[in-house]
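Here you go, one structure.
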Amino acid sequence: MADHSASGAPALSTNIESGKFDEKAAEAAAYQPKPKVEDDEDEDIDALIEDLESHDGHDAEEEEEEATPGGGRVVPEDMLQTDTRVGLTSEEVVQRRRKYGLNQMKEEKENHFLKFLGFFVGPIQFVMEGAAVLAAGLEDWVDFGVICGLLLLNAVVGFVQEFQAGSIVDELKKTLALKAVVLRDGTLKEIEAPEVVPGDILQVEEGTIIPADGRIVTDDAFLQVDQSALTGESLAVDKHKGDQVFASSAVKRGEAFVVITATGDNTFVGRAAALVNAASGGSGHFTEVLNGIGTILLILVIFTLLIVWVSSFYRSNPIVQILEFTLAITIIGVPVGLPAVVTTTMAVGAAYLAKKKAIVQKLSAIESLAGVEILCSDKTGTLTKNKLSLHDPYTVAGVDPEDLMLTACLAASRKKKGIDAIDKAFLKSLKYYPRAKSVLSKYKVLQFHPFDPVSKKVVAVVESPQGERITCVKGAPLFVLKTVEEDHPIPEEVDQAYKNKVAEFATRGFRSLGVARKRGEGSWEILGIMPCMDPPRHDTYKTVCEAKTLGLSIKMLTGDAVGIARETSRQLGLGTNIYNAERLGLGGGGDMPGSEVYDFVEAADGFAEVFPQHKYNVVEILQQRGYLVAMTGDGVNDAPSLKKADTGIAVEGSSDAARSAADIVFLAPGLGAIIDALKTSRQIFHRMYAYVVYRIALSIHLEIFLGLWIAILNRSLNIELVVFIAIFADVATLAIAYDNAPYSQTPVKWNLPKLWGMSVLLGVVLAVGTWITVTTMYAQGENGGIVQNFGNMDEVLFLQISLTENWLIFITRANGPFWSSIPSWQLSGAIFLVDILATCFTIWGWFEHSDTSIVAVVRIWIFSFGIFCIMGGVYYILQDSVGFDNLMHGKSPKGNQKQRSLEDFVVSLQRVSTQHEKSQ
């Protein structure tokens, strides 16, 4: 605790005029236990900052900034045709916008008609269009009309659903639009980035994405700008007055004013055509999956047709009959509704996520989020509240806590716009240090250098009321200690006590801030440590437990010290295997073999004292081990990791750079929002997966049955009934996008070998059931079989096929037995209506002009339910079968040693490369 002995560093001036200060009251207030500051307590911080600004000249400086950028940092007249005292006027802005247009890349407006026509393009659609041509050639205008209607129905439904869902997402995306702060009409204004025009004076600071090309005009400017998206440079580039900055680059450090020299297509990015729209609705891997499925089904159709043609030519069937057989196989062989249903499911899911404050930047992000196995999460704001509160300080012998607090507050921002959470916490706690609070405004800030992520310090140069020049430092304790040690030796007992206190605070979960000062040209003085805590969010522990049940591993990556990270991780139930990121040894040192580095990262619960490169390395290593990785971030430095991750997640309050790099942007705080979105994405993926299995099984079912029936018995279903089977299969399941699908308790991804294996098995079971139905109608018993006594063979088969196929979706949509999950009313209602319609077809003999007895209909319903139960049993047994999965994949344990050797080589190469870069 604080040592109040008289010896030690002389205190700063905290003198107050006689009679103006109640010392007893102050002592009672100063040394009573400091309670944590409540989350919603903002007390008179803004008023206090305004008071500080007015005393040290910052207020005047900001007013001057509104007139002349940077308080005297005037833009040269020969560089700009802009009034340097007021920026552009409203009239000039209008004129320049009329001349140069909006600051955005010219994009061809999406032609809705062409987009609609796109729903008629693809392997599956081409087959159906070929079937329509074939029907027209046979002059079967009924089938021609029905096939065209089916194609049109799928296109209309897909287009309308995607358009409506896209509109919802676009509306919310508007809240993510990049902003720009410009000087106009004498004031600094925040505007939308597209509204920037040439000649605008733009204010940029850490975290800003520069919206247009420009030239720095601030006299003493020092910016570090990330241009990696343009030039591939991995390190930030230093920029000074007169240097050019480019659109889409991100400011990593510093602040300055920039005059805009080019906008829109005239920027470097525009000319190079290198800007990729991160918010495109790319469909990603699932489009490749669908095209692959369509191609394979097309091959199966061709194979089945070869069998049909050979058998037909062998029997010398008429060409018209052969064409009718061809038309039937073509219609049932490819699921025309597959692309529309899957795209609709994704679009509706994106709209649903948007309503839950998760903005999907591209549809493929839903698919990748559903498969995420490891979440690399930052600590502050995601796992914790990002609301710091101070606790009792540790002071070096002879240092007054009031003096420590005053020095720490002097090394704090005095601008409302630039104040960070740490500075805000210090100013809030000033009420417990009345003497420091009363004199703080008497000190004038001459220079202020915000937190530097490399030196891990904040530095301020101030002038005391007596005119003394004082340098105040606040930052990471060991870095502050190093600053003092570089100036002069520190007594061993002071040094050891200081380090012990840092370790003690860390084990208790506190984040420590060291405080030091230098008077004039004197020596540096170490004052002490101020502990603060960013407590875990109230829901984080529960959410972490839920994440574990969902098969999601969370690794915490934080810049805090190991002790703090380990204690926070313990409180949250994440585990205590937290290590210093330097142990990875990827910065040029380290002797751990590459494969052991990979094992180390895989086994760790998180890493502390991380830099941006460490985050990138961790994500890359986990990906190379075969994991799908999500990464959360909010700052400029997180952008490379967000891009590298399979799913980049920008958390609430993220910088423009992080939002641009992310796949999903969250507008709600905390880990709970991410886990909620993950569950929703798994539901969406499950709907797609269930429908794909269902639809492939249906195609295989009828290809097997009709192919064999034609080849063996030279018979086929009435072509009109075949068309309606295809219609019913698609119409009944269009509502799958709105189903109450269960979400998997484990990460999900496209398991194509297993998907095909399961679909083929279900298709075979369906085909066997239909074949049994046919054989009973050929039976020669006492009653002569169903067909002679009860109705028409084609109508009975039509009903049996329709019922068993429609009910299959109830099996594939469930994770367990089909009764374990209740389907939505939309899906149940659609299937029920189709079943009733199919029954009416059969009873009244539509297209066959032959009635079917109600007895036969009841028998078919009962028989179909039996087939449904068998399919349900097969699916339930095999869906979680490791043996079946391995059989489909042909997995082998060989090759692991080869992988580890490759990992050793990659890490060795990376270390050599890093050492070479450092030696340059």
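Quick reminder: no glycine exception, Cβ is built from N, Cα and C everywhere.
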Checking Swiss-Prot: are Gln321 and Ser716 on the same side of the membrane?
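Result: yes, Gln321 and Ser716 share a side in Swiss-Prot.
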Can you see whether the transmembrane segment (688-713) and the transmembrane segment (827-847) are touching - at least 3 CB pairs under 8 angstroms, only pairs 6 or more apart in sequence?
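They do not touch: fewer than three Cβ pairs between the two stretches lie under 8 Å.
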Mind checking which residues of the chain, 6+ beyond the ends of the transmembrane segment (141-160), have their Cβ under 8 Å from one of its Cβ atoms?
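Result: 112, 115-116, 119-120, 125, 128-129, 131-132, 135, 327, 331, 336-337, 339-341, 343-344, 719-720, 723-724, 726-727, 730-731, 734.
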Please check if the transmembrane segment (854-878) comes into contact with the transmembrane segment (755-779), where contact means 3 or more CB pairs closer than 8 Å and the residues in each pair are separated by 6 or more positions.
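Counting Cβ pairs under 8 Å, at least 3, so yes.
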Considering only the recorded stretches 116-138, 292-314, 721-738, 755-779, state which has the highest number of Cβ pairs under 8 Å to the transmembrane segment (807-826).
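Out of the listed stretches, 721-738 contacts the transmembrane segment (807-826) most.
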Counting only residues 6+ away from its ends, which parts of the chain sit with a Cβ under 8 Å from the transmembrane segment (116-138)?
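Non-local partners: 144, 147-148, 150-151, 154-155, 158-159, 290-291, 294-295, 297-298, 301, 320, 323-324, 326-327, 330-331, 333-336, 338-340.
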Counting Cβ pairs under 8 Å to the transmembrane segment (721-738), which of 292-314, 322-354, 755-779 comes out on top?
322-354
So how many of the residues in the topological domain 'Extracellular' (714-720) end up helix, strand or coil by DSSP?
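Across the topological domain 'Extracellular' (714-720), the residues distribute as 2 helix, 0 strand, 5 coil.
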Using a Cβ cut-off under 8 Å, which residues of the same chain at least 6 positions beyond either end of the transmembrane segment (322-354) come close to it?
119, 122-125, 127-128, 130-131, 134-135, 137-138, 140, 143, 147, 150-151, 154-155, 157-158, 161-162, 164-166, 168-169, 172, 283, 286, 290, 293-294, 297-298, 300-301, 304-305, 308-309, 312-313, 360, 363, 366-367, 664, 677, 680-681, 683-684, 687-688, 691-692, 695-696, 698-699, 702-703, 706-707, 710, 716-717, 719, 722-723, 725-726, 729-730, 733-734, 736-738
For the topological domain 'Extracellular' (315-321), what does DSSP give as the number of helix, strand and coil residues?
3 helix, 0 strand, 4 coil
